[in-house]
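Pulled from Swiss-Prot, these are the features on record:
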| type | residues | note |
| --- | --- | --- |
| COMPBIAS | 104-113 | compositional bias 'Pro residues' |
| COMPBIAS | 140-159 | compositional bias 'Pro residues' |
| REGION | 101-167 | region 'Disordered' |
| TOPO_DOM | 22-59 | topological domain 'Extracellular' |
| TOPO_DOM | 81-167 | topological domain 'Cytoplasmic' |
Amino acid sequence: MKSLHCVGLYLLSLLCEFTEAKKHCWYFEGLYPTYYICRAYEDCCGSRCCVRALSIQRLWYFWFLLMMGVLFCCGAGFFIRRRMYPPLLVDEPTFNVSYTRQPAGPPPGPQHPGMPYYSDPGGAMGNPVTPSFHVQPSPQGNPPFPPPPSYCNTPPPPYEQVVKSCK
């Protein structure tokens with residue numbers, strides 16, 4: 001009786017081993033299902049076809065690493081190329097802008113009546129009629145840019161005057 005149990009267990013284990021080694025697959029052909037069998041290392045793919053489970057298409061991490069490697073190589077090549085062959089600098093005309101402060105105190109010469117002097121936070125006084133910038137002449141004789149509008153040459157009115165004019 002004991003040997004019968006051992007033989008039964010052995011046959012049952014063989015049956016389990018053989019059924020695990022195969023995959024039972026099916027698909028619909030018309031209205032009825034059609035069954036077929038694939039090996040254990042294959043996957044069912046549809047109409048009676050089996051594909052290997054570790055095919056290159058299913059390895060998403062392989063494709064991800066491949067794309068990251070390609071992007072890294074392109075980026076490294078771009079930066080190496082920029083380092084070895086820097087872009088040529090185009091000679092642009094020099095544009096000199098100089099800022100000069102007016103001397104402290106009222107300027108000598110005639111003063112215009114009704115034109116008050118405004119002081120900047122540093123305490124220097126300036127004449128609103130004289131421009132606070134100096135354009136350096138170009139070699140051709142005419143300036144490279146037109147002068148700024150006249151309202152740019154005068155400082156803004158004091159706060160008290162603006163408040164009084166609004167009331």
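Quick reminder: no glycine exception, Cβ is built from N, Cα and C everywhere.
Quantities reported herein were computed from a predicted structural model and do not represent experimental measurements.
If you look at the topological domain 'Extracellular' (22-59), there are no same-chain residues 6 or more away from its ends with a CB under 8 A from one of its CBs. Averaged across the topological domain 'Extracellular' (22-59), pLDDT for the predicted model comes to 79.
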